[in-house]
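K.L.:
Next up is a structure, given as structure tokens.
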């Protein structure tokens, strides 16, 4: 069916050259840079198509079969697919796929299971936790009496004895397990035992490792936690968004009410469509192979960096991310982040446990392998990337403001590498 109305027929290029130009520049950046930000990934063309669909037009307040608007028959179909697939992916009894983000998912759980002023125990941001787990600037740090556990100074591993001691002393309503920058596996059974000992609910935020869990390469928190939250991007390789899982029917009802109408109005149906596609992709054997490569690539990258004289927090990784301590090289995180970006490698400065530097400077960087693995990099390519990173490090030691010649040479090598593994 043709339509002469230019509102419906004009492309973005015809309608808005400025926005199209910015998008094309971002596409070129993604095509030509190696993405090592651990929380980022690259979605499939199918996910892009779903997220750019006519579902963006549809308001669908409520839940499938119980909407506050008409015309939701096919919105219901899409959301039901997303719910069924994510439940199957994580062997969960109940799922809410409407949270717009991981932060919204976490907020919904806290709204459902705790009252303002209640004590909440989460991992310290300084030790690798997330802002939404009770950091003072976040809503969770303002609404609740938020206490923080950390890691052992000797091992840099979560100090479960400290978690237990804080729980016994303060009797939190909610204990949060999860992280933003922690490279080791979590002991969900230990967390649940601690929660049960003080009558607390256990929430696991699996945002970073959801894909690893979906592939069966990490224990499934749904088997231990009262409630599990996650993002849909990162290792799960979907659109930017969130979801909540539980096996408890009463908690599920509270979560649904907390998401809508508690925190959100209408769901983003085009994003939920993208989530459904990504969940379907994650149910395949190809996805398990992908996650195995993500993990192997993290080991390969870490081995090269350690051999080159930098420290890895905890000595290595069990997952997709590496927390790099730059102090042996005499470098700072902000300095390295900027130099690597000039060289065609994107990462983020990141504090390390007990970091003496300010959060805007840091003594470390966080690296991740999901995006590079999605575009096809294997261990050989990640070893090459590690070698190039070390060259930038060494140049910075001589020229702390940046070595233009080294950065441009590395940039050319990175560009050539990316050309071998094109995206879109």
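Positions of Cβ are set from backbone N, Cα and C atoms, glycine also.
Checked Swiss-Prot, it gives:
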BINDING   125, 129, 130, 131, 250  (6S)-5,6,7,8-tetrahydrofolate binding site
SITE      233  site 'Plays an important role in substrate specificity'
MOD_RES   234  N6-(pyridoxal phosphate)lysine
K.L.:
Pick the one among the recorded positions 130, 233, 234 whose Cβ has the fewest other Cβ atoms within 10 Å in this structure.
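P.N.:
Lowest Cβ count within 10 Å among the recorded positions (130, 233, 234) is 130.
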K.L.:
Can you tell me which of the binding-site residues 130, 131, 250 is spatially closest to residue 234 (N6-(pyridoxal phosphate)lysine)? Compare CA atoms only.
P.N.:
130
K.L.:
Express the distance between the Cα positions of residue 129 ((6S)-5,6,7,8-tetrahydrofolate binding site) and residue 233 (site 'Plays an important role in substrate specificity') as a whole number of Å.
P.N.:
18
K.L.:
What span in Å does the (6S)-5,6,7,8-tetrahydrofolate site cover, taken as the longest CA to CA distance among 125, 129, 130, 131, 250?
P.N.:
31
K.L.:
Residue 125 ((6S)-5,6,7,8-tetrahydrofolate binding site) has how many other Cβ neighbours within 10 Å of its own Cβ?
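P.N.:
So the Cβ neighbour count for residue 125 ((6S)-5,6,7,8-tetrahydrofolate binding site) comes to 24.
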K.L.:
Through the lens of DSSP with three states only, how would you label residue 125 ((6S)-5,6,7,8-tetrahydrofolate binding site)?
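P.N.:
DSSP assigns residue 125 ((6S)-5,6,7,8-tetrahydrofolate binding site) to helix.
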